[in-house]
Amino acid sequence: MQGSKGIENPAFVPSSPGTPRRASASPSQVEVSAVASRNQNGGSQPRESEEPQKSTEPSPPSSNPPASDEPPGSQLSELEEGPCGWRGFHPQCLQRCNTPQGFLLHYCLLALTQGIVVNGLVNISISTIEKRYEMKSSLTGLISSSYDISFCVLSLFVSFFGERGHKPRWLAFASFMIGLGALVFSLPHFFSGRYELGSIFEDTCLTRNSTRCSSSTSLLSNYFYVFVLGQLLLGTGGTPLYTLGTAFIDDSVPTHKSSLYIGIGYSMSILGPAIGYVLGGQLLTMYIDIAMGQSSDLTEDDPRWLGAWWIGFLLAWLFAWSLIMPFSCFPKHLPGTAKIQAGKTSQTHQNNSTSFQHTDENFGKSIKDFPTAVKNLMRNTVFICLVLSTTSEALITTGFATFLPKFIENQFGLTSSFAATLGGAVLIPGAALGQILGGVLVSKFKMKCKNTMKFALCTSGVALVLSFVFIYAKCENEPFAGVSESYNGTGEMGNLTAPCNANCNCLRSYYYPLCGSDGIQYFSPCFAGCLNSVSNRKPKVYYNCSCIERKITSTAESTDFEAKAGKCRTRCSNLPIFLGIFFITVIFTFMAGTPITVSILRCVNHRHRSLALGVQFMLLRLLGTIPGPIIFGVIIDSTCVLWDVNECGIKGACWIYDNIKMAHMLVAISVTCKVITIFFNGLAIVLYKPPPPGTEVSFQSQNVIVSTISVEEDLDKAENEG
């Protein structure tokens, strides 16, 4: 193989601007045969025209002047396979990882790390960051959105230029940026000094002067910009992961296995938040300044307690950077990619509006080609329908991921921590199981593009029917003093203050629910008029409460205390049924995720796959994940019956919701989004027109068929014919 002399690892030879039309002897070869018109018999004539060329060119490249004029590396610009390693260093032990399974393992580890940081550690640390750096919720909300903003801005450009580039190296860059973003996000802890404890707040009824309104701001809030920078860096790293990484997996495995591999990879990104929540929750039980110790009388139940939120980000930084070297050692294409591509058939959607394709092999290397490529994608009606269906699904999934714990907490009277645990136990395993099942079924039955869309339509239909579980799981509001119940007839409905607590000067900004022995729930011990408490009991108990009517009974329990910390035990028993049905709903919802991704990869031109994923994720965030929590928040706020109002008269968070109205509103938005999803899925099925049978997929355009074959097969045929 004289033509490859001097190239020890073709994967690391830079491609030249000019791509040769022929490559006579290279580790992998691309032959282009122009077809004047599409053959009605499945394209047999173009194959016959290739045979004489193959048989007459087994000679060294020196006999082919056009090819020899180009640099050796340019012969491999389209498809470069090579060993695993760095330049001239290719240890044999690394070659075991030079497989689709080896790449998938590292892809899963990076997706897991990204999920742990972005959707796990960041979310669970937001409330702690608010308190530590004295930020408003609007600022922390912008911190959370910064990741999606970065992803939207970069996704199109990264996916467009990365499609023709070295995708594993792009993922090495992604590992670096994810690690750097996690490191930057933790930096405020090291530069803001030691956390200073404030004075403890007495939650019982005390006669004192009313608190004064203070609108001063703290310099600590300036660390907001550091947190935003960290999120922007994390978004920069996440962009290649879900666009170029997915396309690389699709390149490296047969069509029927692609959905399985993609489903496994996506399931890891879903399991990441679960690990992030568990890890972050455990770290929050450690005091924030672990190196300086803590006061012996400070416990987690104290409102002044802050946990060590920053440790998880340092661990993620180290783990993400440990993946840089493994990704950098992969070749541009895994061994065997040429044969896999040669065996694939095209499923690209065909119609008049998308018939324009590019026969220039250099297309996609210049920024001037970017608008044309995007325009060509936007003309693909099937692609647009599939993307719109995913945006509708993303809207409700992100909305429920954000507010499902709040729904469970209010409907079933649970604590915030336990409600969050139950919500995570339903959402995360259900989503991961759905992704894997969807990929397994599509792979097992070797579904074509249209069948995968039909499969997604069916699963969405089942999820639509199951969405009505919110109506049957609704629970009546428990009696609440000042909201749904009066203070023994002495107070007014809708007013927490009554004659029994008028002298306590209670704060509505301090919500600490209390269950009285009369079965009525109170906003706080102060609003219940409680004067004394016993803190060494679990839960904390209160007595001498002027607003609680003491029942005269002979039971010891009634004389033990008048109220205990926490919400009253709900009389609603629908929680197990709700969790079971909602778990099944989540499975069917996410079963459509992998088939839709596979359909998008199949219905667009082969060279536009990464860009198609970039467009999908950009629109998915602009129309789904960014507005989703906002829309859900507005809808849930519309069901509020008691708002937090501070000393300055500024409305804050909602304390009490109308459970029945909340259930109905969530059903309405779920059904609406599911109907939109089903509509666009069905429209994509109707509009889809597959290419004629036998059309090859390997770097093909509509009027050009590019057959990818290995040089070993070329030489074998030449010897047989000679």
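The backbone N, Cα and C atoms fix where each Cβ goes, glycine too.
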Same-side membrane placement of Gly165 and Ile520 in Swiss-Prot: no
Annotated residue, phosphoserine, per Swiss-Prot; candidates Ser28, Ser295, Ser533: Ser28
Annotated stretch (transmembrane segment, per Swiss-Prot) among the listed ranges 509-526, 671-688: 671-688
Annotation match for phosphoserine in Swiss-Prot, from Ser26, Ser59: Ser26
Beyond the flanks of the topological domain 'Cytoplasmic' (443-446) by 6 or more, those residues with Cβ under 8 Å of it: 255-260
Site with most surrounding Cβ atoms, counting all protein chains shown within 10 Å, from the disulfide-bonded residues Cys500, Cys515, Cys530: Cys530
Other parts of the chain folded back onto the topological domain 'Cytoplasmic' (250-269), taken as Cβ under 8 Å at six or more residues beyond its ends: 100, 103-104, 107-109, 111-112, 114-115, 242, 333-334, 336-337, 340-341, 343-345, 431-433, 435-440, 442-443, 446-447, 452, 593-595, 597-598, 601-602, 609
Among Cys506, Cys526, which are disulfide-bonded residues, the residue with the most C-beta atoms within 10 angstroms of its C-beta: Cys526
Top Cα neighbour of Cys530 (disulfide bond) in the set of disulfide-bonded residues Cys506, Cys515, Cys547: Cys547
For the topological domain 'Cytoplasmic' (163-168), residues assigned helix / strand / coil by DSSP: 3 helix, 0 strand, 3 coil
Residue from Cys500, Cys506, Cys526 whose C-alpha is spatially nearest that of Cys515 (disulfide bond), among the disulfide-bonded residues: Cys526
Euclidean distance between Cα atoms of Cys547 (disulfide bond) and Cys506 (disulfide bond), Å: 13
